Amino acid sequence: MARCRMPRWGLLLVLWGSCTFGLPADTGAFRRIFLKKMPSIRESLKERGVDVAGLGAEWNQFTKRLSSGNSTSPVVLTNYLDTQYYGEIGIGTPPQTFKVVFDTGSANLWVPSTRCSPLYTACEIHCLYDSSESSSYMENGTTFTIRYGSGKVKGFLSQDMVTVGGITVTQTFGEVTELPLIPFMLAKFDGVLGMGFPAQAVGGVTPVFDHILSQGVLKEEVFSVYYSRNSHLLGGEVVLGGSDPQYYQGNFHYVSISKTGSWQIKMKGVSVRSATLVCEEGCMVVVDTGASYISGPTSSLRLLMDTLGAQELSTNEYVVNCNQVPTLPDISFHLGGRAYTLTSKDYVLQDPYGNEDLCTLALHGLDVPPPTGPVWVLGASFIRKFYTEFDRHNNRIGFALAR
């Protein structure tokens, strides 16, 4: 087995685990990537006593600056401060291992590079891609920048063999040379593997999943995502080529995507106690596997939070007294003619580092101006309840009640 280039702070690898790559077993009809659930960056900051209110304000200011963007600096709505799930992939020959977030909100693959500047301390505690250790590396050199709500990454493009779920493709990916300290210093993942559409990719790069589809090795042109609600067991799983019945019950209900080249669908309202409170005239929603929370326009969230009796603790972060949780009402999201209902157990976070008297809600305000927004985001808090299938062949998203 090959290893990724060890960070220069070798001792810190104890905290982040080994960089040794092992391929998952070929399960026949499906190809699987097992996911591990981790504390989010926000949780890690809270554990260390860091006031995260300022980070929320920074995210809010970022969304206010959003515009149509351009091909060299695309806008990605995912806020990795709250991302909790990652899986392993291999890059190079022999493969170097990286822990990545599988993110339907973006379309590029990037990992930190050995060419990362020593000034960027966040690189020091992650596995670094070393092109000199790979016999299949091909130089590209095109520079790129990707802006996220929680920072931006810069680097250059390279080409190498990438192995995902036992499938190997020739892939152009990003070697990141500028990785911001906040938030990536405390990230348990090394990089991001975008599962979005080609239109979302920086630099005209063909996404990993499209290269996999071109090989014709999958039974269906779909992938599905399961996030476990039990943190003591398997964190989750990405299934390439289909959906696994052991993770859901009943049948899938499908909703066609509403925007070509994006995992975006229409929502017909958000209701509490059978009353539609917001999005009465319909609104757009992105199903984002890289996001943890459910986000929506600030004005809509505040109305929803007032109904729940929640208070705004910091910028767009809401809490309730923990003794209120059992009496909080259900929240329903109306998609494709059906109501997808979350109970308080689904939308209240278990925060072992926070105030024992206050419980954080997995709902955030997110103001995105036109033409990108306004938009809602359904992240892991929703996907944990509803097993989700992303169907590229039919341009639709399917939901089924998770087991």
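Quick reminder: no glycine exception, Cβ is built from N, Cα and C everywhere.
Among Cys19, Cys116, the cysteine that Swiss-Prot records as disulfide-bonded to Cys123 is Cys116.
Asp288 (active site) sits 29 Å from Asn140 (N-linked glycosylation site), taking the CA atoms of both as reference points.
The disulfide-bonded residues shown are Cys279, Cys283, Cys322, Cys359; of these, the one with its CA atom nearest the CA of Asp103 (active site) is Cys283. The Cα of Cys322 (disulfide bond) lies closest to that of Cys279, out of the recorded positions Cys116, Cys123, Asn140, Cys279, Cys283. Nearest to Asn140 (N-linked glycosylation site) in space, judged by Cα atoms and limited to the disulfide-bonded residues Cys116, Cys123, Cys279, Cys283, Cys359, is Cys116. Highest Cβ count within 10 Å among the disulfide-bonded residues Cys116, Cys123, Cys279, Cys322: Cys123. Counting other Cβ atoms within 10 Å of each Cβ, the active-site residues Asp103, Asp288 show the lowest value at Asp103.
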